[in-house]
Amino acid sequence: MNFNFPVDSLNQLQTPFYFYDMALLNATLDSVKKEAGSYGFKVHYAVKANANDRILSTIKDAGFGADCVSGNEVKKALETGFGASGVVFAGVGKADWEINLGLDNDIACFNVESIPELEIINELAEKKGKVAKVALRINPNVNANTHHYITTGLEENKFGINQWDLENVIDALAKLKNVELEGLHFHIGSQITDLMSFKDLCLRVNELQKWFISHQICPKVVNVGGGLGIDYEQPDSSSIPDFKSFFKLFDELLELKPGQELHFELGRSMVGQCGALLSKVLYVKNGVNTKFAIVDAGMSDLIRPALYQAYHKIENLTSNKPSAKYDVVGPICESSDCFGKAVDLPETGRGDLIAIRSAGAYGEIMANRYNLRELPLAYYSDEI
Ligand SMILES: *Cc1c(COP(=O)(O)O)cnc(C)c1O
């Protein structure tokens, strides 16, 4: 299904803004539900990808849980109506107030990333007379083959418990009375397009499960995190990621023990394609070897190109003239404020409406007020 731009209506609105195709979002969520559901897998949506109210409540209504990485995300998930039993809380640096918030609300699970954290959760839970459910986030040392800023499952990364520490962790667990081991948790990175990385993850999880079982431990839940990538090059022809192959791979390769549940935490793949950043061309100016199309959106609205050298497809929605090449840049005082170099666009001029595609994940949520710019607004296909 293609993203639908109601160009005439969008052209009336003050730019820049995010525009969400709610039909595409719903079709994507349906696909996740169908494919994960066919194996009985449970999916928690990674709130950090996009916590916009409408997006979040649509995902809640579709029946997914919430994967949170901060106290405020936990709060937001609960306020949105995700039940506490569907809220899991990961993060390498949980502050005491964030842990207390999770304890007070009896969230489903804390994904614990170190022994000191485990001890603090135990201590805070003891003060409340509670037993916290925890999953061990294990660093599987699997290469996600993605940008190094979004690789999280290598031993050199700050995330998770390394394998050499596991013996100490289970010793600690045996002593700590206010934490209960609920699961094993993994997350190897983001924007993973080669399913072989997930295959490597499955094989590592199988090995680790054997190790736990040899220590008489068989947690109820195996959580393999998120990371499934989207096609930034072809947002229309592959608007819905191949969830079928993704879940099938885990079904085939990951050896669950009797009674074990398999959980996922998808972010980008659920919301990435349903959003676009809309912007208008302010000026076109000639550079030395290039023409600059200077648009009214900047890296404060969408930071991914500047932060991760990320590619986003750029389209001119209002010109159909013969094409030329442009560097599409924003107004912010940083040379990294560039959405694309040598982009093929129909001849572009002041006032043209530009769409920066595949911006539904890690777009609006990462917007900031650098240069004291306003935060971008959001509009939805079913309200326009
Ligand atoms: C970011 C994150 C996710 C989601 O990653 P995507 O690539 O957006 O699917 C899942 N789990 C954890 C722990 C995360 O930090």
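The backbone N, Cα and C atoms fix where each Cβ goes, and this holds for glycine too.
Values in this document were obtained by computation on a predicted structure and should not be read as measured data.
The annotation domain 'Orn/DAP/Arg decarboxylase 2 C-terminal' is assigned in TrEMBL to 18-360.
The domain 'Orn/DAP/Arg decarboxylase 2 N-terminal' annotation in TrEMBL covers 29-271.
According to DSSP, Lys48 (N6-(pyridoxal phosphate)lysine) sits within a helical segment. The N6-(pyridoxal phosphate)lysine annotation in TrEMBL covers Lys48.
Annotation comment: TrEMBL describes Gly227, Glu265, Leu266, Gly267, Arg268, Tyr362 as pyridoxal 5'-phosphate binding site. Around the Cβ of Tyr362 (pyridoxal 5'-phosphate binding site), a 10 Å sphere holds 23 further Cβ atoms from the protein chains shown.
When secondary structure is read from DSSP and collapsed to three states, Glu334 (substrate binding site) falls in the coil class. Feature annotation from TrEMBL assigns substrate binding site to Arg268, Arg304, Tyr308, Glu334, Tyr362.
If you compare Cα positions, Tyr308 (substrate binding site) sits closest to Tyr362 out of the recorded positions Lys48, Glu265, Gly267, Arg268, Tyr362. Spacing of Glu265 (pyridoxal 5'-phosphate binding site) relative to Arg304 (substrate binding site) is 21 Å (Cα to Cα, whole number). Summary: among the binding-site residues (Gly227, Gly267), the fewest other C-beta atoms within 10 A of the C-beta are counted at Gly267. Listed recorded positions near Gly267 (pyridoxal 5'-phosphate binding site): Lys48 (candidates Lys48, Arg304, Glu334; Cα-Cα distance within 10 Å).
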